[in-house]
Amino acid sequence: MASNVFLLFTMMSIIWLSALWFDINRQPRLGHHWYVYKLVMLTNLNFVLCVFYSVMILLGYKSEKLQKISDFMHFTSIFPVGMITCGLFWGLYAINPALVMPDWIAKLIPSWLNHITHTYPIIFIILDSYFHKRTPPKTIASLIFSAALVFVYFMIICYVRFFDGYWLYPILSLFAFEHFVISYIIGFLGFFMLIKAAVRLNKLFHQKDDIGSKLPSNMNKKKKF
């Protein structure tokens, strides 16, 4: 079973790496030459984060330290950022595709790459939680990371606005200062709740393992025939 899981996540990592290679080498970069500038968009930030994490999963099979890093990443960034990215994209797309992907952008992005960045993360995250029992962070760490990561992304949005002269998301042009404060609070609470949802889901997938670990040692031992 372990070898099959390793093979599965090796294949999933290859998909991530191949898609990133295509995006870096074949896709246009609007306004800036450096690829790193594309990371100001939540989609691309989540994309690169998932690629890195997929490699960390494979390395974690041989390193307990890297496995602990993967555990922490799963709860504090991979799950919440992935769910927000995919949920917002498809939610807005259902309302009006132009809200997230105007026709001129849709012509530049192959449909398969769009699904890699906005559908594949959900599949990847769920399978990761299902096959890997992970150690969740403490509540205080979850709160700190929620506040910090949402704040950092708000700073990225403001940086682009004041140094490049435009809002990453056009709706922000309608916001007053108090709207940004409210948005930050909602973003922080939403991010924290997604971390707790990730913890709950992983425990749900592995509750049989938890029950087995609480049994007396002689009951945990398999009978030998």
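Glycine is treated like the rest: Cβ placed from N, Cα and C.
So that you can see what the record holds, here are the features copied from TrEMBL:
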type	residues	note
TRANSMEM	5-22	transmembrane segment
TRANSMEM	34-60	transmembrane segment
TRANSMEM	72-92	transmembrane segment
TRANSMEM	112-131	transmembrane segment
TRANSMEM	143-162	transmembrane segment
TRANSMEM	168-195	transmembrane segment
Checklist entry - For the transmembrane segment (143-162) against the transmembrane segment (5-22), do we get 3 or more Cβ-Cβ pairs below 8 Å once near-sequence pairs (under 6 apart) are dropped? => result no
Next on the checklist: Using Cβ distances below 8 Å and needing 3 or more such pairs, separated by at least 6 in sequence, tell me whether the transmembrane segment (112-131) contacts the transmembrane segment (168-195).
Outcome noted: no
Checklist entry - Hey, which bits of the same chain come close to the transmembrane segment (168-195), Cβ under 8 Å, at least six residues off its ends? => result 40-41, 75-76, 79-80, 83-84, 137, 142-143, 145-147, 149-151, 153-154, 156-157, 160-161
